[in-house]
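Read through the structure below, which is laid out as structure tokens, and then see the notes.
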Amino acid sequence: MRRKSDQFELDNIVEPDTRLGVHIDTDMLHDHETKAQAYQRSPKSTSKNSNQLEQPLNPDSQADPNYSEKVSLRKLNENNNLDNDVDYEAQDSIMVKATLSNSKKVTFHWFIGVFIPTIINVICVTYFMDLHRSINHIGWGLGFLYYTFSIVASIGTLVSICVIATNGEMKDGGCYYLISRTLGPEIGGVIGVTLLIAHASALSHRLQYISATITNFYSGNVTISQRWDRTLWHLILSFVVLGICLPGIRFVLAVLPCLAILLIASLFSIFLGFFVRRAGNPSFFTGLSLQTLTDNFKPGVYSLWEYFQFLGVLFPSANAVMTCANFSGNLRPVGRAIPLGGFSAMFLASVIICGTFLLIAGSFKFYETESDVDYLSFDASLSPFITYIGFIATCLGSAITLSTGGSNILAKMIEDLLMPQFLRTLFFKGEPFGCNVVMFVIANIFALIDNPTTSTQITNIVYSIPFALVNFAVWNAESAHYPGFRPSFRFYNKWTALLLAAFCFVRMFLMNWIMALSSLPIYFIIWSIYHYYVKPADTWGTVTQSRIFYATLKEELSLYHIKPHVKTYRPNVILITTQHPDDERTHIDFLNQLLHGHGMAAIGRVFVTDLQIDFATLVEERDGTYLTDETGYQTFYDVTASETFADGVRDLLLLMGIGMMRPNTICLSFPEGWLQTAIANINNASSTTTSTTNFENNNENTNEANNGLNKSENVNNGMNNDLVMSGKSRTEIEYDDFVNAISMAFDANFSLTVLRNIEYYSDVDRKGYIDVWWLTDDGGLSLLLPYLLSQHKTWKKSHLRLITIANRDEGNTYEKQHTKIATLLYKFRIKAEPVVIETSINDEVPTPMAQTQWNKMVDELQLQMDKESSIMTHKYLIVSDLVREYSSGSSFVALTMMVPRDTIDQKLFMAWLEVLSGIKVPFCFVRGNGENTLSWTV
């Protein structure tokens, strides 16, 4: 199977089918493959079982004799259950059926598929109805200027359409396909709905003019009034359009050339009418006259806003540029057909309209008549009947292209899962026949307006946003500097595209600011529906994402060589764990609320195993967990595998991040089971001295507890899927590993936080106290992190307390310490309540409860206490009593942590942490690396 990235040129090749006499699109199945793979890569398919071993489905496993020792990470997760919220197989089967039934498509070249539909839509109402009206009201000078603006906007937008259309293979969907593939599915959903409404409004706009012409000239009253006569004719004409569209695209593009012939005949009739007088000419017809041309130059007397409203009268011809890609799925080659057909149609139509504009201005004295000039093109024609037939044919042709284009957009949106899937019933043998019916219904809803001028304004307003976004998409793509943007159409400028986008947006307010303002909330509501409820899968990416990447890369490079400073300091915290993120949600919630955009939050998962891990599954685990996709989470995620937890911490600290966007603070979870593990190890070590046999048995049991199963048994059984690894040794951190990780962090000059009792975090009173026990100066991190937590919206009503101990043994007093802390808080501009506890550490005696708890641990752990250890232990027991007394009722406690020394037993260090954090309150040990994190200077 060929890769899509290698087939940019080959994807546009079609093979002729001599039996059918048409071209066959051979890339439809390949396109489906790409979409099916995108579904399979969905993050929801990531498993979360951290204990189960399973044989990977890898064809190389039979050839590799060591493959049985490779463990896939999806088998190391906790539950090997796929998320079945979405039935991707059912969706894929639906897409296969639709694709297979649509695999043979009739294709056309630029003249039939682009030139004729575009020129019919450009000329249409503007030529027959709007030219003389604009001259009559605002003069041909201002009218010509307005039309120049319109034609510049349409040609500039056509350039943008050609740029995007030639940047790869283009499928059905026209401009919706171009915008959605460039700006993403959410914007694509809004634009799809907008273009659907715009096509239906323009379709109704064409039929309303035909209905008004029929009722005014050639029809008696059929209903109770002309208003309902027009509605009746609109309904009849809608059935005619539907009847032409239902047989399919082959019939539609066979009818359009016939209608174009009638258009040519009417154009000749009108042009000849300027040079040949006949009896039915209007009384104010003068023939070509320079004086008449001069007199018609001046505009009438109107207010400023009325002049701007006439800007929209001539704009329906510019809207026609959106129809040049309506048959994109049936064009071959698309990259050549759209530019060639679009530009030739726009150029020829502009010449015809501009020439007629000057001929009308030089042939009729509008200032000498007060009669209605709405149908002047019929009166001035050499044969009004031919012009009448040509006008109806042109409007019908435009309506047919709009109906077909709208149905193609709706069909593509259904295929992209941006519309309810029950609408797939609208398809019959792969053709969107039912979508034409939907266009028929929407167009007849617009028929209730029964005012061509209002219908023109609505159509112009609705088309303005797609016009702006097409041009914006080109600017966005060019500014993103991503390698995939390589359009073969190179005649464009990104700043011109941005200027046109701004002009199109402003233009809709100039035409009718009330309608423009009213439309913006509607666009926002549609976007909100797609963003918050539909949540379409972003399977094709967006240029905006590429632009964000490019901007981030530039900013990171500019920060790379900046020296660390207190003004550039951010607490970049990495939570390192052995659990899957879904099992650490409470810790992640705390970390997310702690930083909430003030620093980088990251989660690093360490797979502790001595088995060889398949590297591909490591990458899959890292890329398959999207915490940032969930509402409120602002975190990164990375994984590593190592034989010990400390080695995994080292790997993450060395490799995670880039430049200044690297972690500078480690966050660990306190190992709650450390005491039982240490006691068990002591008992096991004691029992090994009694018998060599017992030693071997215990050693074997220990290996099974740590590794899940014997390696040799793994090899012999070929990684049997039914074998389950022991979860304890794989997910719980050994206390010696924990202390080694802390020592490694301090040796590498990292700051450190250790969380305990965090399971109470979600239930605490967010209006209570956040206590900061500042036992030593660590650069300010012990105060900064609780302060950031208090600034989160859920902690806004909490009260921050800074608690310090005034030790009389060091010559400190309450007054000195209180003044020092109050001054410090004032300089740091942090609102907190200073609390000073004056005591003598040497003279105080620990409470009986603290002493009893400590003595029990000393006996169980067989701790050997020297003089230095006894002094430190006495101090921490006093502090633990104070913490219990002052902070047992608090909502959160942060305490400056001691630094482990090489001379201190690891079990003793863990025992100190145990007694200090013994209260049932969310607890956080904090220790900065000594660098200033707070500043009181400007």
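Easy rule for this one: first residue shown is 1, then count along the chain.
Just so you know, glycine gets a Cβ as well, placed from its N, Cα and C.
The compositional bias 'Polar residues' annotation in TrEMBL covers 37-65 (among others).
Residues or ranges marked as compositional bias 'Low complexity' in TrEMBL: 689-707.
Per TrEMBL, the feature compositional bias 'Polar residues' maps to 708-717 (among others).
Per TrEMBL, domain 'Amino acid permease/ SLC12A' is recorded for 114-572.
Here TrEMBL flags 588-683 (among others) as domain 'SLC12A transporter C-terminal'.
Taken from TrEMBL, the feature domain 'SLC12A transporter C-terminal' applies to 694-935 (among others).
The feature region 'Disordered' is assigned by TrEMBL to 35-66 (among others).
Look at TrEMBL and you will find 689-717 (among others) tagged as region 'Disordered'.
Under 8 Å from some Cβ of the transmembrane segment (107-129) lie the Cβ atoms of residues 14, 22-23, 25, 205-206, 209, 253, 256-257, 259-260, 263, 267, 314, 316-317, 319-321, 323-327, 330-332, 336-338, 340-342, 344-346, 348-350, 352-353, 356, 374-375, 377, 387, 391, 394-395, 397-398, 401-402, 456, all in the same chain and six or more residues away from its ends. Feature annotation from TrEMBL assigns transmembrane segment to 107-129 (among others).
What TrEMBL records for 144-166 (among others) is transmembrane segment. Sequence-distant contacts of the transmembrane segment (144-166), counting only residues of its own chain at least 6 positions beyond either end whose CB sits under 8 Å from a CB of the stretch, comprise 134, 138, 175, 178, 181-182, 310-311, 313-315, 317-322, 324-325, 328, 334-335, 338-339, 342-343, 346, 350, 353-354, 357, 467, 470-471, 473-474, 477, 487-489, 491-492, 496-497, 500, 503-504, 507.
Remote same-chain partners of the transmembrane segment (187-211), defined as residues 6 or more beyond its termini with a Cβ less than 8 Å from a stretch Cβ, comprise 124-125, 129, 174-176, 179-181, 229-231, 233-234, 237-238, 241, 316, 319, 322, 391-392, 395-396, 398-399, 402-403, 405-406, 409-410, 412-413, 416, 418, 439, 442-447, 449-450, 452, 455-456, 458-459, 462-463, 465-466, 469, 523, 526-527, 529-530, 534, 536, 542. Taken from TrEMBL, the feature transmembrane segment applies to 187-211 (among others).
The annotation transmembrane segment is assigned in TrEMBL to 231-249 (among others).
Positions annotated as transmembrane segment by TrEMBL: 256-276 (among others).
Feature annotation from TrEMBL assigns transmembrane segment to 307-328 (among others).
What TrEMBL lists as transmembrane segment is 340-365 (among others).
Within its own chain, the transmembrane segment (385-411) has Cβ neighbours under 8 Å at 117, 120-121, 123-125, 127-128, 172-174, 176, 192, 195-196, 199-200, 202-203, 206-207, 209-210, 213, 217-218, 237, 240-242, 244-245, 249, 252, 255-256, 259-260, 262-267, 269-270, 320, 323, 326-329, 377-378, 419, 423, 426-427, 432, 435-436, 438-440, 443, counting only residues six or more beyond its boundaries. What TrEMBL lists as transmembrane segment is 385-411 (among others).
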Cβ pairs under 8 Å between the transmembrane segment (432-449) and the transmembrane segment (497-530), at least three: no
Long-range Cβ neighbours of the transmembrane segment (497-530) (under 8 Å; 6 or more residues past either end): 149, 153, 156-157, 159-160, 185-187, 189-190, 193-194, 305, 308-309, 311-312, 315, 418, 457-458, 460-462, 464-465, 467-469, 471-472, 474-475, 478, 536
Chain residues outside the transmembrane segment (340-365) and at least six past its termini with a C-beta under 8 angstroms from it: 110-111, 113-116, 118-119, 122-123, 126-127, 131-132, 135, 140, 143-144, 147, 151, 154-155, 158, 161-162, 267, 270-271, 274, 282, 284-290, 292-293, 295-297, 317, 321, 324, 373, 376, 380
DSSP-derived helix, strand and coil totals, residue by residue, for the domain 'SLC12A transporter C-terminal' (588-683): 41 helix, 25 strand, 30 coil
